[in-house]
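This is the feature table in TrEMBL:
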type	residues	note
DOMAIN	B:24-140	domain 'NADH:ubiquinone oxidoreductase 30kDa subunit'
BINDING	B:201, B:484	Mg(2+) binding site
BINDING	B:220, B:223, B:517	Ni(2+) binding site
BINDING	B:223, B:520	Fe cation binding site
DOMAIN	B:281-523	domain 'NADH-quinone oxidoreductase subunit D'
């Protein structure tokens, strides 16, 4: 175990700085579609992810934020296990019929003031399967969305750049 | 042999690719199923139901079995009367047909009489009774009804039920698990999945092949390449197209890159399940390095947009990948050695979540889950495609069936994948230098001008196991039926069987050792 620890401390590069807009051609700009709520602190933001029917591409890019390369905690952002502990909800997926209730309940369980971020084309209402019978039409039809991060999926660097814009 | 044994019920014909086709009468189905699965020992690959009432007044059900001595399949078709819409269930004889028949009942309203589990599978309780979306005359949209809860089996005396999900504590996909436990000990587990069901198969009907290719790539994030590969192979089987060698080797390289980043990511996830933070970070770091390599090679961190029916969209610039892969080989070996040599870590894994060989066989386990339980099946070898049969590699098999065995199979498959990538890369470089310095389009993609009507399927081995795409194309060249059975779909019932007898806190570890997707199972 010490050999592994030493190898990773000594042989692997430190986390690189994230350029402000490191987009990779699949993703447009993130859009603030609703003003941030009154009393939004924005200095130490705890986030809760809600999968509402994504293909898991966006989900894996969100979990990549925790790896040593992106290391999202250094920006004052972190993931929490319960919506009760969260300031911000990250919604992925088109909100399928089977997950509408789960999204609404998660939103109601989150204390105010809260911010909702739609991550990926599906959650932003522009998913590839819109019109399918169980697919849903994006997060905005169920909860008030503040920030949209388009992309299929948006890259981790792009997600970080967009989330940092919410910090004060 | 098979023809002779089955001759009492069905006469078999073989097609160009060596697949055997036959028509079974519904009332003889269970008998035939018993002979094919119980006596001949053929595993069920998938079942697909199609609404053909407009044409011939029936629902056509096709049970696809994998031949074990030949790289082909046995397709048994059955016409179910369109009015009565019921047939004797095959599930008592072939337990792996369980989900397939329940899905056909939900989506097409074809009822398997005598099926041991009459509950809904794909459609949850908030759909109206009698709505079967895959029927040709079904409305494309219906309003949601008030939710009726899934009826879990009641716990016995002194047992308690622990509901978990659909929203879990981590960054993972949604599913509901209901544990029946006495103290820490789990007695039974039931899973209610299909939360991410989007209705993709219906959406694909009436769409052009290239649109459905984009859909196949978006069924699932981390199995994108395998799903697009299986789809492309289904199209190629229908169009009877030969894929040029450069594309076949390129496909091996890409498919193994997908396995590599998934398997190494899962080494990290297993560490997360046992609270070894150093291992988690090492695994996610190597995974990130590989996903950046994917991006550099194909323009997508999930290997999307590179395959096309007939070959590859563009040649792969594979010269420069060896530097990253040397580092990955070194770092992954160090991570694996550390984990396997760490007594307190391995203590959590040994004898945890055991699936014995008989259970794995009965439930139709595929992929790592099957190979860790002593079933020597890998469709890369058993149903040769791309260039796998031209390369030297092995299929690792372990017997114990526990979390440790699944970890060991993954570690050994990482070595095999690295070797396959190296061989495929060498073959690609040799082709580029011996023919001309630059590859011509014909070297890496056969052109398909039009898609003939027909039906076919494609098989590929995802990091989770054998993945099968069934495709039917109509006279206009549009997709008329599309069904996907991924490795995750086949393995979910195996996860449920692995858990009883273990502690509640070991469930996340057992679940991670299978590492199944929800999205490509739910569709």
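Placed from the backbone N, Cα and C atoms, the Cβ positions cover glycine too.
Fair warning: this is a prediction, and the values are worked out from it, not measured in the lab.
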Relative to the Cα of residue B:220 (Ni(2+) binding site), which of the binding-site residues B:201, B:484, B:520 has the closest Cα?
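With Cα distances computed to residue B:220 (Ni(2+) binding site), the winner among B:201, B:484, B:520 is B:520.
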What's the number of neighbouring CB atoms sitting within 10 A of the CB on residue B:220 (Ni(2+) binding site)?
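Step by step: centre on the Cβ of residue B:220 (Ni(2+) binding site), count other Cβ atoms within 10 Å, giving 30.
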Given the binding-site residues B:223, B:484, B:517, which pass a C-beta cutoff of under 8 Å against chain A? Sequence order please.
B:517
Looking at Cβ-Cβ distances, which residues of the chain lie under 8 angstroms from residue B:223 (Ni(2+) binding site) while being 6 or more apart from it?
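Spatial neighbours, sequence-distant, of residue B:223 (Ni(2+) binding site): B:258, B:462, B:463, B:464, B:467, B:486, B:487, B:488, B:517, B:520.
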Relative to the Cβ position of residue B:517 (Ni(2+) binding site), how many further Cβ atoms are located within 10 Å?
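I get 27 for this one.
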Counting by DSSP secondary structure, give me helix, strand and coil numbers for the domain 'NADH:ubiquinone oxidoreductase 30kDa subunit' (B:24-140).
32 helix, 34 strand, 51 coil
Please average pLDDT over the domain 'NADH-quinone oxidoreductase subunit D' (B:281-523) for the predicted structure.
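Here the mean pLDDT over the domain 'NADH-quinone oxidoreductase subunit D' (B:281-523) amounts to 90.
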Mind giving me a neighbour count for residue B:201 (Mg(2+) binding site)? Other Cβ atoms within 10 Å of its Cβ, every protein chain shown.
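Taking all protein chains shown, residue B:201 (Mg(2+) binding site) has 23 Cβ neighbours within 10 Å.
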Please report the DSSP secondary structure of residue B:517 (Ni(2+) binding site), reduced to three states.
coil
Identify which of the binding-site residues B:484, B:520 has its Cβ surrounded by the largest number of other Cβ atoms within 10 Å, counting every protein chain shown.
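Checking each of B:484, B:520, the winner is B:520.
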Under DSSP, is residue B:201 (Mg(2+) binding site) helix, strand or coil?
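SS state of residue B:201 (Mg(2+) binding site) = helix.
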